[in-house]
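Record features, source TrEMBL:
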SIGNAL    1-22  signal peptide
BINDING   108, 148, 153  Ca(2+) binding site
ACT_SITE  143  active site, proton acceptor
ACT_SITE  145  active site, nucleophile
């Protein structure tokens, strides 16, 4: 299996990438500066940030048993501190995400790893000369650790810049680059596996029903040490932010404790996604 499944899905998603870039961005053409400002004013201060999910699955590159099958779940939320009232029409927000790996099928069902991920950031909508939204720029300070000590301690901090934009009415692209610091004590070779950037592309396959997303990152090395994560979202109910998610992960750094281990896994389960204005989330 290795990376083949994710590569197949990745190439399906980007097959028409060049034509998408040439298409008129119908969604953004509908969003003027005034409309975006109005949306920010009406947004709930407390909202979902990253996907909140509960998925279970098995490894694809090792024996499947009670120890290797697991549950992975994520809890993530965002609190808007200010709206677009700061200099340069920016807004301040804080986020918190907690990703857990749970050996639920093993005896006594121990937790294998929990990664804690708080951050604080500034967001700024970017407009064309005609005051049409083209994307959203975010500058964030982020901490991630597993809350453990001694030889099992893993943590790092980063200052990152991300840009989210719509390529068409049905597709979005997010580019993220980071400047890491305070990571060398517990995981000095971390950058060999997570690199300095990642790219996420999403595509609506069936409106309000089916969506695919691919995240790619490459470590600072001459070998294949990076990650490809592919997600398929299915929403069975109309006007609902709940549904099902299939996730394929191939690569390194799925969690902090085993960032040097090559993981190939498939999981499926329940997901809750943000219903806020997509680019502003």
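In case you wondered, yes, glycine gets a Cβ from its N, Cα and C as well.
TrEMBL: automatically predicted annotations, no manual curation.
Everything TrEMBL records as a feature, shown here on the structure.
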{"residue": "108", "record": "Ca(2+) binding site", "Cβ contacts under 8 Å, 6 or more apart": "none"}
{"residue": "143", "record": "active site, proton acceptor", "Cβ contacts under 8 Å, 6 or more apart": "116, 117, 118, 119, 155, 156, 157"}
{"residue": "145", "record": "active site, nucleophile", "Cβ contacts under 8 Å, 6 or more apart": "115, 116, 153, 154, 155, 156, 256"}
{"residue": "148", "record": "Ca(2+) binding site", "Cβ contacts under 8 Å, 6 or more apart": "154, 257"}
| Once the DSSP letters are reduced so that anything not helix or strand counts as coil, what is residue 108 (Ca(2+) binding site)? | coil
| field | residue 153 (Ca(2+) binding site): tally of other CB atoms within 10 A of its CB | value | 15
| query | Which three-state DSSP class does residue 148 (Ca(2+) binding site) fall into? | reply | coil
